[in-house]
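A short worksheet on the structure shown next.
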Amino acid sequence: MHPNAAMLLAVALLGNLMLPFVSAQNEPKINASDQTILSADTSGKPVILQCSLTTAHTPYHESFWMKNGQEIPSTRTEQRNTVYRITKPRADDSGEYMCVYTFVMAPNANATIEVKAKPDITGHKRSENKNEGENAMMYCKSVGYPHPTWTWRKVEGTSYTDIDNSTGRFFITNRNNYTELNILNLDINTDPGIYECNATNMIGNTAETTILRVRSRLAPLWPFLGVLAEIIILVVIIVVYEKRKRPDDFIDDDEPVGQMKTNSTNNHKDKNIRQRNTK
């Protein structure tokens with residue numbers, strides 16, 4: 001290899017090795033607030049998130065805020081120091097916040113601030129009413145960050161029975177702040193009861209319950225059977241009433257005819273007597 005070519009190759013290799021260090025030195029520097037934990041003690045107190053761009057080697061353009069990967073409207077500013085205020089923090093306000101700085105000739109730079117809170121279950125079924133043999137679905141959804149670990153169990157007096165996907169009839173599906181319990185082919189003897197969903201993260205936990213009622217297969221026929229029973233009872237009452245009527249209430253077909261004949265004969269005899277007396 002020609003000496004000059006070897007020297008050029010060595011310089012190129014050295015430049016490639018030094019590039020990450022030069023790039024790291026030229027990266028913008030951002031000072032950001034520490035993580036915040038929302039609790040009952042901080043409830044009602046505003047939470048202030050701050051970021052400050054302290055060093056930038058390229059012209060700065062503007063900054064904005066994001067929450068859980070989505071830009072927060074009306075937060076763009078040209079100031080190097082940017083503030084986002086949560087006026088009345090709730091569990092729903094928890095999440096991963098990010099201040100993002102944009103530059104004219106360089107990629108964006110950002111810093112992340114976590115706002116944490118224990119789970120708060122905001123939606124669940126209070127009750128589920130099904131017929132035996134059908135399928136039941138119960139769910140819970142929550143707010144809070146980090147996303148919780150979900151568990152289900154059945155309340156049996158003062159004890160609990162944990163539920164998992166090993167039975168073949170119970171199926172649990174978890175997706176971040178949402179959980180769902182499906183029970184297939186309901187059994188009227190073993191499945192009715194109180195079911196509890198529990199959400200737990202590093203800050204705390206919370207739980208809610210759903211009452212499952214399972215009706216007999218004949219349940220849809222109950223209205224019809226009720227009407228049928230009323231008709232039968234009414235017919236029985238009518239029959240009994242008719243049988244217990246007084247004899248005078250019934251018409252004797254022979255008696256009026258006999259009476260009419262007797263009266264007719266008597267009238268004929270009286271007429272003959274009157275005629276003889278006249279003669």
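Glycine residues also receive a Cβ, built from the backbone N, Cα and C atoms like all the rest.
These numbers come from a predicted model, not from an experiment.
Listed in TrEMBL for this protein:
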DOMAIN    28-116  domain 'Ig-like'
DOMAIN    119-215  domain 'Ig-like'
REGION    251-279  region 'Disordered'
SIGNAL    1-24  signal peptide
TRANSMEM  221-241  transmembrane segment
Same-chain residue ranges lying at least 6 outside the transmembrane segment (221-241) that approach it to Cβ under 8 Å: none
For the domain 'Ig-like' (119-215), mean pLDDT (0 to 100): 96
Residue counts (helix, strand, coil, in that order) that DSSP gives for the domain 'Ig-like' (28-116): 3 helix, 50 strand, 36 coil
